[in-house]
Amino acid sequence: MTTPNTPVTLILHGAAGRMGQALLRAAPALRGVSIGAALVRAGSDLVDTPVRRIAGPDAADLDFQAALDPDVRADALIDFSSAHAFDAALALALDRRIAFVSGTTGLTDAQHAALAHAAHAIPVLWASNFSLGIALMTRFARMAARALGDWDCEIIEMHHRRKADAPSGTAITLGKAVAQGRSCALDAQAVHGRQGLVGARPPGQIGFHAVRGGDVVGEHTVMFASEDERIELTHRASDRDVFARGALVAAQRLAHAPPKSYAMDDVLGDCD
Ligand SMILES: NC(=O)C1=CN([C@@H]2O[C@H](COP(=O)(O)OP(=O)(O)OC[C@H]3O[C@@H](n4cnc5c(N)ncnc54)[C@H](OP(=O)(O)O)[C@@H]3O)[C@@H](O)[C@H]2O)C=CC1
Ligand SMILES: O=C(O)C1=N[C@H](C(=O)O)C[C@H](O)C1
């Protein structure tokens, strides 16, 4: 992977969304990072609108576009769009033979398989969460699950009212870490919400609860409960800037890396 501060030009896909705007605002503060294109949905009212009108005066001096100008040379594409728009973003990165970094959640198994396949041709990093705090919490959840084998585990997340997918991608990642710590398969133990005469909680379940409301950026709790005590690991993101910076740094590091499927742990290094 390239060293920090390497000059890179990035394409943003989903550039006018909440995360797209956060990326546009965060990019100028990162040495070496420039934005080469800000892509929005075809037919969007924002096509040909200056990026600065939406993302502020420090953002790149570009207009939003629906298609990539063939003359734009770029080193990586960052995608924060939707599960529906994701395939086109990956196809564009493959077509250009450039690194692909995506935080889009709610993907199908087939889309994850397409990512794995793409990693034979280009560097690829998909992460359900680009914050350092969640990367660490995922490790803690795995360790706690290993140590607290028979404690009950519930994962609770809260997000803004506009979030399209549930449970959050991060909650699923945390659930997978718990399952790994317990050496079990998440699919066999996951329960999503409870309603009605569900009876006593069987041992081994991993419960998911998705709360939606207001403008909450992203909150996740992994709860381990036993007879007389309880441990809760909680992460609260208060600004999307934390995800934006993580994704920009990941794209900068991957831009000239060999084709492979990378994870946030590769970008962050050893935090032990
Ligand atoms: N991994 C992480 O750290 C994080 C992941 N996320 C995930 O990122 C994704 C985006 O989140 P968020 O920014 O809040 O969502 P938004 O809905 O605010 O933004 C998504 C944007 O993608 C645009 N879009 C839709 N189709 C296309 C297309 N074909 N080409 C280009 N752009 C398109 C939408 O445009 P329009 O509105 O016109 O349809 C919209 O502006 C979600 O899946 C979310 O879960 C979010 C935060 C952090
Ligand atoms: O949609 C969001 O906003 C977020 N989505 C990600 C997820 O699904 O985990 C990450 C973050 O919590 C914000």
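Even glycines carry a Cβ here, placed using N, Cα and C.
Small disclaimer: the values here were computed from a predicted structure and weren't measured.
Annotated features in TrEMBL:
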type	residues	note
BINDING	GLY14, ALA15, ALA16, GLY17, ARG18, MET19, GLY103, THR104, THR105, ALA127, SER128, ASN129, PHE130	NAD(+) binding site
BINDING	ARG41	NADP(+) binding site
ACT_SITE	HIS159	active site, proton donor/acceptor
BINDING	HIS160, GLY169, THR170	(S)-2,3,4,5-tetrahydrodipicolinate binding site
ACT_SITE	LYS163	active site, proton donor
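Sitting within 8 Å of the Cβ centre of HIS160, GLY169, THR170, and not among those site residues for (S)-2,3,4,5-tetrahydrodipicolinate, are the Cβ atoms of THR105, SER128, ASN129, GLU157, HIS159, LYS163, ASP165, SER168, ALA171, GLY218, HIS220.
Taking HIS159, HIS160, LYS163, THR170 as the recorded positions under consideration, the smallest Cα distance to PHE130 (NAD(+) binding site) is found for THR170.
Proximity to GLY103 (NAD(+) binding site), judged by a C-alpha distance within 10 Å, picks out GLY169 from the recorded positions ARG41, HIS159, HIS160, LYS163, GLY169. Under the three-state DSSP scheme, ARG18 (NAD(+) binding site) falls in the helix class. With the fewest other C-beta atoms within 10 Å around its C-beta, GLY169 stands out among the binding-site residues GLY14, GLY103, GLY169. Ranked by CA distance from GLY169 ((S)-2,3,4,5-tetrahydrodipicolinate binding site), the recorded positions ARG18, ARG41, THR105, HIS159 have THR105 at the top as the closest. Neighbour counts of Cβ atoms within 10 Å were compared across the binding-site residues THR105, SER128, THR170; the minimum falls on SER128. Here the C-alpha separation of HIS160 ((S)-2,3,4,5-tetrahydrodipicolinate binding site) and GLY14 (NAD(+) binding site) works out to 18 Å. The 6 Å Cβ screen around ligand 1 retains THR105 from the recorded positions THR105, HIS159, HIS160, THR170, ordered by sequence position. Ranking the recorded positions GLY14, ARG18, THR105, LYS163, THR170 by Cα distance from the residue listed as 'NADP(+) binding site' puts GLY14 first.
Cβ neighbour count within 10 Å across all protein chains ranks HIS159 highest among the recorded positions ARG18, ARG41, HIS159, HIS160, LYS163.
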